[in-house]
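Undergrad: Dropping the structure in here first, questions after.
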């Protein structure tokens with residue numbers, strides 16, 4: 001059977017949830033025995049989001065093979081429960097970089113390099129490459145941005161050409177659009193969707209399905225109107241209401257018949273969907289037996305998407321324990337002067353996630369001190385682990401001016417730049433990225449959580465525990481519970497005299513799934529609930 005291609009575009013406004021729609025469709029097709037992979041094209045000129053501000057872009061999601069990608073890839077992996085690769089996130093910057101490099105090598109034989117055909121051919125090559133490199137029946141491709149944006153035009157032209165090259169029977173276009181509700185008149189308005197589809201058709205793409213994001217139910221008359229003006233079958237107008245919980249969206253789209261429409265349109269051999277596990281997971285999330293409050297201490301907390309995978313992983317841990325996780329977002333800058341108690345009083349656990357730069361660092365250290373002294377479950381990730389090391393050095397080991405060398409001169413650089421990073425000049429894509437093994441020591445909390453001796457986790461860092469201080473930390477009560485197989489890199493730390501105090505250099509949030517919570521997040525939430533009920 002030929003590989004099938006589904007393209008998901010967006011109209012009217014950005015932020016409608018194209019990524020969630022694509023991921024949900026992937027889950028529904030996988031439930032029918034279809035092998036699915038997903039990719040996203042982003043129209044910005046950055047090569048990847050690795051050097052972009054979290055305030056502009058949200059979190060950077062890291063794949064197994066070390067690609068720094070859009071946060072939507074996190075949604076894709078969590079929904080379809082598959083590991084994606086660097087081929088799954090392509091930017092305008094990557095496309096132009098590749099084309100210009102080929103031109104410099106003389107690959108175009110002296111021809112004039114143009115958007116059509118050279119840029120569009122490069123885009124199509126990235127689409128086909130995923131279909132060839134992955135064992136897949138269907139490639140779902142999300143086109144970032146909004147129809148009508150000048151930046152998206154080469155991508156839209158490329159996906160138009162794909163249908164000519166592989167056959168219209170092997171291609172499907174899904175357009176996600178907004179049907180706004182005007183409270184003053186009590187009406188849903190279809191005109192924005194009509195104009196968005198008109199714009200899409202003007203460049204040669206006729207959508208096969210329109211997914212309507214709306215806060216109110218679409219009436220049958222409304223669906224008939226959209227069908228008429230947008231030239232799609234009436235049954236292909238799918239409503240996508242606001243969901244109570246994120247992972248309910250696939251079930252809502254299943255009721256709307258989206259996957260059946262896709263299977264019929266593309267001629268896919270689909271079995272009856274097996275969504276029992278997913279339905280049970282959603283039921284558990286919507287009906288918790290209790291709740292815990294986790295204080296998430298970071299410097300980008302105004303934009304929750306900056307910590308999207310961490311927040312979702314906490315919720316996964318909650319599902320695994322049948323408790324609801326309420327996240328208390330704490331700006332680390334606001335607790336730099338010692339006002340910790342008023343911000344963290346009453347929390348059942350404290351999590352300090354990853355990050356870069358010295359802004360808000362002292363607030364994170366204050367939060368860690370609060371967790372350590374009050375025996376509150378603590379979880380430090382990447383920079384969070386590093387700051388736990390600094391806090392311990394200052395307040396337990398007697399190294400009062402200890403710090404990370406990332407933040408300036410210090411007599412005790414307990415966190416230091418990795419040796420292989422010392423000669424690196426460029427910022428983008430040069431960190432220790434992707435999956436690396438970690439060997440867990442016996443008789444440790446981490447060993448009890450994982451059971452396995454060797455685990456594989458994703459990383460994104462330049463700095464590490466300074467081995468010159470190992471003996472000092474061990475002597476003062478810190479356990480270095482996980483190391484790289486060579487024994488050179490400290491991967492995990494914990495405290496002997498604390499019920500649950502764990503720091504990890506890696507990013508476990510990138511491997512957590514709603515139906516398969518990461519063991520660390522699941523046990524952290526368990527410990528938080530135990531702390532609450534003791």
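Think of each number as a place in line: the chain as shown, counted from 1.
Glycine is no exception: its Cβ is also placed from the backbone N, Cα and C atoms.
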Undergrad: Quick one: which of 2, 14, 24, 404 does Swiss-Prot put in the CTP site with 149, 150, 151, 189, 190, 191, 192, 193, 194, 225?
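TA: Swiss-Prot lists 149, 150, 151, 189, 190, 191, 192, 193, 194, 225 binding CTP, and from 2, 14, 24, 404 it also lists 14.
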Undergrad: Out of 70, 72, 81, which one does Swiss-Prot list together with 15, 16, 17, 18, 19, 20 for ATP?
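TA: Among the candidates, Swiss-Prot records only 72 at this ATP site.
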Undergrad: Give the helix, strand or coil assignment DSSP yields for residue 142 (Mg(2+) binding site).
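TA: Once the DSSP labels are grouped into three classes, residue 142 (Mg(2+) binding site) ends up as strand.
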Undergrad: Counting other Cβ atoms within 10 Å of each Cβ, which of the recorded positions 142, 382 scores lowest?
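TA: Lowest Cβ count within 10 Å among the recorded positions (142, 382) is 382.
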Undergrad: Once the chains shown are all counted, how many other Cβ atoms turn up within 10 Å of the Cβ of residue 72 (Mg(2+) binding site)?
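TA: Total other Cβ atoms inside 10 Å, all chains included: 25.
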Undergrad: Fill in the CA-CA distance, residue 72 (Mg(2+) binding site) to residue 382 (active site, nucleophile), as an integer in Å.
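TA: Counting only the Cα atoms, the answer is 21 Å.
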Undergrad: Does DSSP give residue 72 (Mg(2+) binding site) helix, strand or coil?
TA: helix
Undergrad: Taking all residues of the domain 'Glutamine amidotransferase type-1' (293-534) together, what is their mean pLDDT?
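TA: Computed over the domain 'Glutamine amidotransferase type-1' (293-534), the mean pLDDT is 94 on the 0 to 100 scale.
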